[in-house]
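Below is one structure, written out as structure tokens; comments come after it.
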Amino acid sequence: MPPKAADKKPANKAPATASKAPEKKDAGKKTAASGEKKKRTKARKETYSSYIYKVLKQVHPDTGISNRAMSILNSFVNDIFERVATEASKLAAYNKKSTISSREIQTSVRLILPGELAKHAVSEGTKAVTKYSSSTK
């Protein structure tokens, strides 16, 4: 049976003027004075927005993009990434390997993307891996 209203103790609430938005503090300063609670740092939201924007400016320097369109493209990239990673994981499991290599990624791209799009994606991916390999030597 729940306690009656008379039995409840009043909760210590923040003043009504306090907003729910986190206060702006210096990220480097963490103070734990007596009685003060530590502020939880805001979780970072990782997106592909900056990379999408850079590619847009390379292709169409005078064109902008709305926040909604950026959000849609970000969801699209996340979806394709997840599909390729899942397929590559399955391919590695079929071949009894515990490591996903560039070969599994390439095969999964060929399986997921249709026709000409897969060919272009594979060639761009191969070019990127070659460029990375030559720069690390």
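Any Cβ shown, glycine's included, is placed from N, Cα and C.
For 1-10, the entry in Swiss-Prot reads compositional bias 'Basic and acidic residues'. Annotation source Swiss-Prot lists SUMO cross-link at Lys8, Lys9, Lys24, Lys25. For Lys131, the entry in Swiss-Prot reads ubiquitin cross-link, with the evidence type similarity to another entry. Swiss-Prot lists Lys8, Lys9, Lys13, Lys24 with the feature N6-acetyllysine, giving similarity to another entry as the kind of evidence. Here Swiss-Prot flags 1-45 as region 'Disordered'.
All protein chains shown were included, and the count of other CB atoms within 10 Å of the CB of the residue listed as 'ubiquitin cross-link' stands at 10.
Lys131 (ubiquitin cross-link) carries a helical DSSP state (H, G or I).
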